[in-house]
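K.L.:
From Swiss-Prot, here are the annotated features:
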type    : residues                           : note
BINDING : Asp40, Val41, Val42, Asp59, Glu112 : GTP binding site
Amino acid sequence: MRILPARHRQLFKEPFGTLFHSFEEVLKFLPGKTVFSVGDVVTANLLRAGRPPEVAIVDGHTMRQPYPGVNIPEYHQLLVKNPAGGLTEDLIDATQIAASRQGTVIQVEGEEDLAVVPLAMHAPLGTVILYGQPGEGVVLLSITPAMKKRAEELFTCFEEVSTPTAREVFNI
């Protein structure tokens, strides 16, 4: 498991791509593109617009409040756990699998906000990733070699931590 230390959190408050203040503005950049989405509202907006993403990462919440309505039953469904402020190996692996097998929803039990980083690392060149920027709009991230490099740089901000086993905790 990897966690994002407090000293690096400010880096993740800035959009990692181009910020659009309305969803309608973003739609004109999507024809002919492979689209991945991170977040329930962005994914639901794509579905309502008749442009389902090839890969979606959702957690059933928006701004920490329950959010119903993201359901793509014909897609492969992956269920992973991921805490706020972190990236589990399961989530990282799921982004790699989904990026190579489109038609996948990653349902996160916990929080999916930081999943854009490993998703950008694994997404094919030319893919567009959309995610919400709370209170501001939608971020469009075009996957280029430079963006992949930036995602890898951001990934190094996370510190690997080990979760002790019960035997380690109790010295058994």
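Glycine is treated like the rest: Cβ placed from N, Cα and C.
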K.L.:
Let me make sure I understand the span of the GTP site: among Asp40, Val41, Val42, Asp59, Glu112, what is the greatest distance between any two Cα atoms, in Å?
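P.N.:
Taking every pair of listed residues, the largest Cα separation comes to 13 Å.
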K.L.:
State the count of C-beta atoms found within 10 angstroms of the C-beta of Asp59 (GTP binding site), not counting that atom itself.
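P.N.:
There are 23 of them.
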K.L.:
If you count Cβ atoms within 10 Å of each one, which of the binding-site residues Val41, Val42 comes out on top?
P.N.:
Val42
K.L.:
Count, for each of the binding-site residues Asp40, Glu112, the other C-beta atoms lying within 10 angstroms of its own C-beta, and report the residue with the smallest count.
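P.N.:
Each of the binding-site residues Asp40, Glu112 was scored by Cβ atoms within 10 Å; lowest is Asp40.
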K.L.:
Quick one: what's DSSP say for Val42 (GTP binding site), helix, strand or coil?
P.N.:
helix
